[in-house]
Each structure stands twice: as C-alpha cells, then as structure tokens.
Amino acid sequence: MSSLVINTIRRQCLSQFRGLFLRRPSTVLSRGLRVSYAAVSQRNKTIKDDFSLLEATNNPDQFGTLSPQVDEPETLDEGDLREEDFLQNKPSPSQKLSVRQYADLIKDHLKNNRIREALDVIEVRMKQDRVKPVNYLFNLLIGGCARVGYSKKAFQLYNKMKQHGLKVTGGTYTSLFNACANSPFLGDGLNRANHLREVMLEKGYEPNESNYNAMIKAYGRCGDLKTAFQLADEMVARRLCIGTDTFNFLLQACISDHEYGFRHALLVWHRMHRMRIRPDRYSFNLLLRCVRDCQLGDLETTEQVIEQILSDSIGSRSQVQLPIGEEKEQQTAETSVMQLPTEVDSPSEVVTIRQELSERLQHEGAPDLLSPAPHLGSLVKLGEVRKPEDRLLLLGGSSNVFAEMKRCGVEPDIRTITELLDVIPPTYAAEKQLLATIKQLKIRCDVDFFNILIKKRSMRFDYEGAREVLYMIEAANLEPDIVTYGVLALGCQTQEEAKSLLKMMHDADVRMNIQILGAMLRQGCAKKNFRYVTEILNIVRRERLKPNEQFLGHLEAFSKVCEKQDRDYDAKPRKKGREEFKMEYNRYRMQLDAWREHMGLQGLALDQALGIVREHPWEQFKEPQAEGFEKTKNPKLRHKHKRQHSIRKVDVDAIADQEEGTKGVGLVP
C-alpha cells in the first residue's frame, strides 16, 4: 500500500516537471519562429514591390496575373459620394410637393422670365425630392422655352419626355413648332421643323388646327413660304377650319420674303375676302408691316397678280358685307365659313366681268387694292412704286386703311398708328394729319410712338424737329426711356451735342449703353470727325462697355474710308488739307490701336473680332437671374402696360408745315 502511494506521487511529480520543461522551449521556439517569419515577410514584400506590373504579368515563373498591391485612395470618388448621399439622405414625405405645386412654381418662374429657375424645378428640385415628372410639367417648360426662342432646350425636354415614357400630346407639338418659329437661327429652326414633321408622319399623328397654325407660323417665319402655303392648302383639303389666325400666320410668312412679300400679301388678303373671313386688328398691322418691309418683285408677274385679283373679285358672286358692331359669337361663326367662289361658265357672265374689269382699270382717283372691290385708279405704271409710301398709296393711303378697318368693325390701336407712322411720306404734313387722326380717334399714345417719330425725323436729317418731339412727350405726361435717348443720339452731329445728350442722360439717371454710343459713333464717322470718334472710344473704355457688332462695323467702315483718302493724298501731295488730315489721322490710329489692345482685339480681323464680341442669344437662359433684378423684386410690373395717356394737350395745328419753315409745337394751356 505504501509503495503504491509512493509510485503515484512520483508519477505526478514527474508529469509536472515534464510539462514545465517542455513548455519553456516551445515559448522560445515560437518567439524565434515569429522573428524569422517577420524577416521573411519583409524580404518578400521588398521583392514584391520590386516587381512591376509588366513583369508580374509576363513572368512565366510568377503564378497568376495579379498586379502589385495598390494603396486605397484617401479621397472617395464623387460619384460614390453622391450615390451614398442619395441612399442615406432620403427626403421626408413633407418635403415632396404635389404636381400642382410644382406646376405653380414653374408658372411663376416663366411669368417673370426666369427660364433657368423654371428648368431647375424638374432638373434639380424634383430629382432631390425623388418625384417623377409628368407630361404636364414638361409641356409647361417646352411652352416657356418656345416663347423665348430657346428651341434647343425645348427639343431636349421633348427627348427627355419620351425617355420617361410620357405621352406626347398635340400641345407638345404645337409648342415645339412655336419654338422653331421663334428661334433666332432660321436655318436651325427650319431643320428642326422638318424633322418634327417627319416624326409626326412616322407615328401616324394627324395634326389638328392648332398644329397646322403652328406649322404655318414656323415655316413662314423661317422663310419657307412654299411649305407654309402647302400646309394651308392641306387644311382646306382636310376640311379643317381656317380662321383669321391662319391668315395672320400666312401674312407673317409674307413679311419674311422682302423681295416678293407685298405681292404675296395682296393675294392672301383678297383670299380672305373670297373666303368670307374677317380680318382683325393684327391682320391690318401685319399688312402694314408688309407695306414697310417688302417689295413688289418683278413687275410683269406683279401686273398679272393684280389683274388676277381684280378678275377674282369681280367673278365672286357674293361680296362680303361685314356689319359694324356685330356680336363676338356671330363673328366667330362667320370666320369659320369656308365658301369658295363659284366658277363662271356663262358667256354673258364672262362679258360682264370683262366690262367691269375695264371700268376698274380706267377708274379715276387713288388706287385701292385693299377693299373687296379693288381698282388701280389713275395709276400709270407700277415701276414707280419703290418706297413704302408708294406701296401704301396702292392700298388707298392711310385714310382708306382707317375706312376699311371701320367697315370691318376693327378699331385701330397705338400699334396700328405706329405701323402707319413708318410708311407715311416723310413730311410734316403727313405727320400732322396722322396726329390729327390720333386726336380724333382718341387713341392713347405711348413713348414708343414718339420714339419712332424722333427716328423718322432724324433719318431725314431733321434733327431740330426730332428734338422738339421731347416737348410732345412732356405734354403727353410721359417720360423718355432708354430708346428715346438712343434715337436722339442719331442727331448728335458734333462732339458738343453728344456731350449735351450724355449730360441729359446723367441728369435723368439713365446709364448709357453701347447702342447709344454706337449711334453717336455713326455720326462721328459720317462727319470724319476724328476727335469725336476718339471721345466715343474713350467713353467705351472708361465705362467698361463691351462693343457690339454694329460698333465694330462702323469702325471698320470708317477705317476703309480713311485709308482710301490717305492713299489719295499720297497720290496728290499738294492737295489742300493733306497735312491736317495726316496729323489727325495718325493720332487717331495710335489711339485706336491702344483701344483695340485694351479691348483684346489687337491684330484681329473683323470676323474674328465679331466672334469675340458676339453674344449668343441663349446664354441668358443658362445662368440664374441676378439678385435684385427688377422683375424679381416687382413681378407685377412686368404685366403692367407702359404708361399711356391721351395727347389731346398737344396742339396739332401748331405743328408748322415743312414748306413754311417753322417747326414749333405749341401746347394748349
């Protein structure tokens, strides 16, 4: 028993001793292995870093194609940050707005001409709110871009609209064609209109009346008259209602053709008579614009057109007699009537037409191609019709225009009077008669009418009479605007007169612009006044104004004239005034070179300089509206019309005739 206990104790002691002995070497061994592993790892890391990516890829002894280790970038990618922010920062339900609220935001921005802010509602705000836009919001933005001629953005919105799978409506097509019509680039607008029309044909979409009117407007304004008239014929073939608006757009198309537009306008006008469509105020205003801007074209074709107009008016069995003061509903119903004249087949009717046509050709008095029963009066030949006042005489003069408007139940407005002011003869007698008509009709005038009057007198070199219009503006209880000073600058022939006008602007707290200085520069160049031109250049430099295309064009034309005169003086050294011209011209060239260098235009040709100063018409829509902008602070002022007052205080009889030599305007106390 004792030996068994002793052996058990001995075995326990030996096991404890053996465990203690074996544990210590393992600790030492692990430490040694740890040190050796670190050294090997450091050596392998050094060897791995020495390998380039090319060696690691092409080395046959290297297993795999793994590239060397690359450290993680300290800054995260912007796209990852945006994605993380998008996933983590979800908008609250209260932050989202309804479709009507988004629409109200867009309408408010468009109403105040804040195009960039209106676009940000869909492109920024709704993305942040995680709200999918609807086609109504896209149509609002496309219509807003169309009104200002931002055609590129309008079609971008149209493409986004299709990408979202939204329905394209007829109003969308109408707005897109309006964008083409208002585009500042006629070629681009025409190409977009052609492409859009092809898309409509591919989809099998049948245009409605609004679409056709918008297409006629787009093609007409872009100069494609043939397509515009073809679209009108297509409306007739499809038995769609052709109203006054359609013919107004056709008249706009005629205005775009400056060579043959007046002839086309006569055909359109009498087509309205034959179809029993009532012209409105805009129709008369557009016709007067054709009188101002368009020519007759070749005389032989014009004579045939006028003879056709006379024959068609006689051959029409029923002439339209429009009553005065008719109800608006009845006018609308009558406007939609499309009744073409019946063909004349009876020989007796042909004889009657020929007799009446010969009587009209032998009619005495002034011509009248405006009324439903036109005649040429005592006109000898059309070759003498060259100026706007001559073309107005073909319509019977301003008195016949007012008579025809009264017969059609149309009241003229100040825009009609302004259009007439552009086409009446440039005499005091004609202006006096027009002012008397304004007084008789009790039409309220605005400052634009007087601005046109100042320009008309300035263009016929009646600068004193132009300045006297300021008394008429004051008598009408109006205030001159920036355009008034611009047309007054056309009469600043000397440097002293220019300084006087600039002082007047300073007293009125009106800041000068490059257009006013360009008008002064034109006068200085015409008078070959080097000191005057130099003073204008110094003002542009001092006021930090950016020259426009017209300003640089005046300088370029003036430089060519001076160079030609300089060569003439070199060919004739003894010619009088040579030394004085040389001295002034050399001083001017030095100052012009310094001005060009300051403006960054030194050494550039005219085309290159124009490319620098030319402002893109769409740049204004790519930037947010500036803080403190007047339309932002006072949105209601945009919808408020210009101050219009009666000019009954102006004594028309006090305006002296041109032949009497007195040009005073009297005021009734």
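Cβ coordinates are placed from backbone N, Cα and C, and glycine is handled just like the others.
Cβ atoms under 8 Å from those of the repeat 'PPR' (134-168) belong to residues 99, 102-103, 106-107, 110, 113, 115, 118-119, 121-122, 175-176, 178-180, 182-185, 188-189, 192, 617-618, 621 of the same chain, restricted to positions at least 6 beyond its ends. Sequence annotations record features per position, and here TrEMBL assigns repeat 'PPR' to 134-168 (among others).
Marked as domain 'PROP1-like PPR' by TrEMBL: 134-293.
Across the repeat 'PPR' (208-242), DSSP classifies residues as 26 helix, 0 strand, 9 coil. As annotated by TrEMBL, repeat 'PPR' applies to 208-242 (among others).
The feature region 'Disordered' is assigned by TrEMBL to 623-669.
Summarising the annotation, TrEMBL assigns compositional bias 'Basic residues' to 634-647.
Mean pLDDT for the repeat 'PPR' (208-242) in the predicted structure: 94. Taken residue by residue, the repeat 'PPR' (134-168) breaks down under DSSP into 26 helix, 0 strand, 9 coil.
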